[in-house]
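These came from TrEMBL, pasted as-is:
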| type | residues | note |
| --- | --- | --- |
| DOMAIN | 13-344 | domain 'Acyltransferase 3' |
| TRANSMEM | 12-33 | transmembrane segment |
| TRANSMEM | 53-75 | transmembrane segment |
| TRANSMEM | 95-115 | transmembrane segment |
| TRANSMEM | 135-153 | transmembrane segment |
| TRANSMEM | 160-185 | transmembrane segment |
| TRANSMEM | 191-212 | transmembrane segment |
| TRANSMEM | 219-238 | transmembrane segment |
| TRANSMEM | 244-265 | transmembrane segment |
| TRANSMEM | 286-309 | transmembrane segment |
| TRANSMEM | 321-344 | transmembrane segment |
Amino acid sequence: MIKTTKGTHLAHLDFLRGLCVLTVVVFHCYAFLTHGHFLAMRETYLQFDRINYCGPIVIAMPLFTFISGYLYAYLRGIGKYSKDKPFIKNKVRRLLLPFIFFVTFFCITTEFQQTDLTTLIKHIGHCIAFGAYNHLWYLPVLFWCFIIIRIFERLSNSKIVLLLFLVIAYILAFVIPVSGFLFNLGKVAPWFYWFLLGYTYFKFRDSLMLLFSNRNRKITLLLLVCVCEIGLIHFFGFPDYKRPQFIASEFVIISIFIIALFIVFEDLTKSEKIEKIFTNNLVKSISKYSFGIYIFHYWLAPIIISSTAKRVFHLEAFAEHYYIFPIVFSIATFIASYIVTYLFQKTKLGKYLLG
């Protein structure tokens, strides 16, 4: 849950963040169904794999990173994170320590019976050093985004330089080869662009809101982006989330789409009816536990479709309903992740790691 200094709620951020984490859960749950958990249905699910990799997830992760950059700029604007050492300690505690702890925990709980202790320790060390363990790769990447923007702020406060830096970040996203080393520093380039875009958007937010003060202009902008997206898909094919970077044109279109989406959502919060939807307890609660949901869902999903669960709940037969089963599986994983996060945060360790 995000609040301003006056106590007013940044409702659109909570809503969008919750939507992003839900999209990630659905994306990974469907991916599990193509990995052979249900061999009889694997080929059927693979037919829709392209849609899963090229659907909402292409927007969700950039948007999630955009929100982080936006929120950081907002918090800096109200005087938070003024000193470097407390800021770095905070990000180490909120991102790197959870990464190290959960990599170790997940490796032990999922691989201990399949390998010897020496190999397991080496594997854990390798995952931590290179920042590469399934979905948890994102935590060290986000940590580096905060460090890089902090360095930039020390060098310049000029908005013109900021725009130039954004262009450079866009170019580097396609120039720097992706590699995992030193807590995933080698993978940060494309994701720092989205972080910096959110940061830059906040800096120019008032000007953009004034430019698109007319609601019809916002709707026209969104429609234009959708038309451009359809055109790109028609001529170049779907953007492929499996690649570390999207094609350059997709970066531009997704950037415009996210900015337009933010402008529209910020305008929607002016409506009391919409604000009530954005500020209801469910939305705030999902946003509050979104970090934990992101962490736990990838660990819980295989348990939900484990061999024991298949026997007890007759999942093999249920999986034949390939339109309904992925939805039910995703919802079950999301709810289970929410419950585990809620319970874990009741402990001292959970409060420390997840905030």
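Backbone N, Cα and C atoms are what each Cβ position is placed from, and that goes for glycine too.
These numbers come from a predicted model, not from an experiment.
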Which bits of the chain, at least 6 residues beyond where the transmembrane segment (95-115) starts or stops, bring a Cβ under 8 A of a Cβ in it?
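Same-chain residues near the transmembrane segment (95-115) but 6 or more away: 123-124, 127-128, 131, 133-134, 136, 139-140, 142-143, 146, 183, 295, 299, 302, 353-354.
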Of the listed stretches (135-153, 160-185, 286-309), which one yields the highest count of Cβ-Cβ distances below 8 Å with the transmembrane segment (53-75)?
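Per the Cβ under 8 Å count, 135-153.
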Same chain, outside the transmembrane segment (160-185) by at least 6, Cβ under 8 Å from its Cβ: which residues?
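Contacts with the transmembrane segment (160-185): 96, 99, 128-132, 137, 140-141, 143-144, 152, 192-193, 196-197, 199-200, 203, 244-245, 248, 251.
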How about long-range neighbours of the transmembrane segment (286-309): same chain, 6 or more residues beyond its ends, C-beta under 8 Å?
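Same-chain contacts beyond the ends: 1-2, 13-15, 17-18, 20-22, 24-25, 28-29, 32, 37-38, 98, 102, 106, 109-110, 134-136, 138, 315, 329, 332-334, 336-338, 340-342, 344-345, 350, 354-355.
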Please give the sequence-distant neighbours of the transmembrane segment (135-153): residues at least 6 beyond its ends with Cβ less than 8 Å from one of its Cβ atoms.
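Counting only partners 6 or more residues beyond its ends, the transmembrane segment (135-153) has Cβ contacts under 8 Å with 24, 28, 61, 65, 68-69, 72, 76, 84, 87-88, 91-92, 95-96, 98-99, 102-103, 106, 162, 165, 180, 183-185, 187-188, 191-192, 195-196, 199, 294-295, 297-298.
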Tell me, roughly as an integer, the mean pLDDT over the domain 'Acyltransferase 3' (13-344).
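Average per-residue pLDDT within the domain 'Acyltransferase 3' (13-344): 87.
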